[in-house]
Amino acid sequence: MCGPSPLSNAKVIRTKRHRLPNPSPSRSRLPTSPPPPPPPPTLGEPYAAGKAPPAKELAGMAEEGTQQLPFVRETVLKKRKVNEDWAVKNRERKAAKRQRRRDDGKGAIKRPEDFVREYRNKELDFVKMRTRLKVRKLPPAESLSSKLIFAIRIPGTTDLHPHMRKILGRLRLSQILTGVFLKATDANIKRLLVVEPFVTYGFPNLKNVKDLIYKKGRGFLDKEPFPLTSNDLIEKALGEHGIICLEDLVHAIATVGPHFKEASRFLMPFKLKCPERRLQMKKKPYKDGGDSGDRGDKINEVIEKLN
């Protein structure tokens with residue numbers, strides 16, 4: 001029989017684990033400083049994509065007097081580029097469609113009924129013109145409230161009598177939606193009465209005269225048109241008549257001065273915008289609910305719509 005193990009009555013000696021000494025209180029009480037912020041970008045250096053500059057930095061730069069470039073997102077720039085490309089393609093597509101319609105119209109075959117209708121319309125307009133000249137009494141030019149008349153061409157291109165086409169050519173109103181300044185004389189009043197179904201006219205005010213010349217004014221120099229953007233060209237064309245700048249040209253037209261004929265001939269016919277729906281451009285006289293004929297001072301409302 002074996003006796004007890006010599007290790008059974010032996011005392012177990014437990015050793016204490018050695019702990020690391022605590023850090024010194026002076027080091028533990030020191031505050032930990034955060035890492036320094038990155039330097040702000042300069043004026044020409046761009047910011048990261050999708051991040052705008054902070055408001056504090058913008059305020060600081062404004063105080064220093066520097067100018068910060070506007071921030072535009074990349075998606076906005078791409079959208080603008082797409083819109084511009086689409087607008088160019090849409091404009092080209094519409095121009096090609098208009099040209100295709102013109103080409104198709106040239107080769108179209110007219111029926112005999114179309115020729116008969118056009119001939120009857122021409123003869124009817126000519127008979128009505130002679131009736132107007134006989135029945136209506138033309139007022140003398142001295143009795144009119146204004147010496148300046150602005151005439152606008154309204155529809156009627158294919159079914160025009162040759163005599164009316166000739167009068168419209170003398171008034172420089174061959175194209176639709178064009179306007180010219182005229183002097184209120186007996187000859188011009190008679191011409192407007194001849195082509196009354198195809199024009200509307202009245203007495204413009206000074207504001208509309210300025211707007212028309214400033215916005216849509218174009219002149220002739222050496223038989224070539226040019227926009228009224230340089231007083232040197234105006235002086236070269238009308239300097240011998242005392243008109244050397246745009247203001248002189250407006251004054252000569254608005255006051256119907258001694259050189260009105262040269263100034264009005266220098267100006268090309270004004271190309272106006274397409275009318276709104278409420279302006280139907282009918283041959284019916286304005287006093288009877290149509291759009292043609294004399295409007296008096298009401299012509300200013302039409303000019304504001306079409307300018």
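Counting begins at 1 with the first residue displayed.
Just so you know, glycine gets a Cβ as well, placed from its N, Cα and C.
Just so you know, TrEMBL annotations never went through curation; they're auto-generated.
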Range annotated as region 'Disordered' - as stated in TrEMBL, picked from 88-109, 154-175: 88-109
The domain 'Large ribosomal subunit protein uL30 N-terminal eukaryotes' (72-134) - residue tally per DSSP class, helix then strand then coil: 56 helix, 0 strand, 7 coil
